[in-house]
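Participant: The structure's right below; bear with me while I get my questions together.
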Amino acid sequence: MNYCKTTFHIFFFVLFFITIYEIKCQLRFASLGDWGKDTKGQILNAKYFKQFIKNERVTFIVSPGSNFIDGVKGLNDPAWKNLYEDVYSEEKGDMYMPFFTVLGTRDWTGNYNAQLLKGQGIYIEKNGETSIEKDADATNYPKWIMPNYWYHYFTHFTVSSGPSIVKTGHKDLAAAFIFIDTWVLSSNFPYKKIHEKAWNDLKSQLSVAKKIADFIIVVGDQPIYSSGYSRGSSYLAYYLLPLLKDAEVDLYISGHDNNMEVIEDNDMAHITCGSGSMSQGKSGMKNSKSLFFSSDIGFCVHELSNNGIVTKFVSSKKGEVIYTHKLNIKKKKTLDKVNALQHFAALPNVELTDVPSSGPMGNKDTFVRVVGTIGILIGSVIVFIGASSFLSKNMK
């Protein structure tokens, strides 16, 4: 079987690290959300997930959050072994690869700091270079990576730019992965300085990405658009979406809703992959821009190439690909790879942010409550005016 040979390099530039994979074909990664629930669905999904990881020659995994449906109590919580290490291990080591993840709504209900601490101590600085340590006892399951509540990961891969390598040579494509915490970005997040820094860092990340990356993928828990039970987030649609559109983001990968879906809007695909261990049906009305929706337990496999991005939705109920979505590569006028190192220098430092323990999260963002309240007030005024008009006519 022919497969891609990869070489893993990491360089440390001034205040941040950049990880580079040199891949002599397409770049493949998988996405899996809301996976940490002790169910038959998780076991079945993990079975097919490991098969596809091996057969598709996936390079790394991204998780949009809600890793542990009931959260974790700490670093010694049995959930780490029972719901992660044992479930996603593979004897031959095929599953040992980076597992990039962020916190989701349900993770914040437990000891969220433990999940951050689990991802520390991975990056070792030696003479200005950063490397990922390979633990002797961690070769059979994915390597947990979460250096901060939000962070970025830049990579590149090489493809043939034409049918004849001799005539046309190779073409280098860059991909930027930006991981966000949608709760930290929420207006309801109690620590405003951290909230503001997360937004400022995101703007800087997107500003750099659109200058050096052919592909931009943003990963976060809550969907912006959804036909699932959340119906998406009006707050993210108002504040986050314009930033993503301005940067010409290709994919926004989310979880939160326990289903699989793709909604395409202005050349950006909104991918929901939140059925890693359980599933729920769609809400009463399907989003008008939804191209595909499934309540099956499953996951996604993504392939980046010279032509664009192909996303395969895999159903573990059926054990096969049930939908394939294709997004053409964009010709971004903002690209300036000649000055890539200069742009890299503008990236924010990736370091662990100290977030104190806090109380339960609010059920709704302040934005939603305020807009809803205004709507009720307007409605009340209309009803009052209508009633007054009716009484006035009948009193004459």
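Cβ from N, Cα, C; glycine included.
These came from Swiss-Prot, pasted as-is:
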type	residues	note
BINDING	HIS195	metal cation 1 binding site
BINDING	HIS256	metal cation 2 binding site
TOPO_DOM	1-369	topological domain 'Lumenal'
TOPO_DOM	391-396	topological domain 'Cytoplasmic'
TRANSMEM	370-390	transmembrane segment
Participant: Got a sec? Which of these binding-site residues, HIS195, HIS256, has the most Cβ atoms within 10 Å?
Facilitator: HIS256
Participant: If you measure HIS195 (metal cation 1 binding site) to the residue listed as 'metal cation 2 binding site' at Cα, how many Å is it?
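Facilitator: About 20 Å separates the two Cα atoms.
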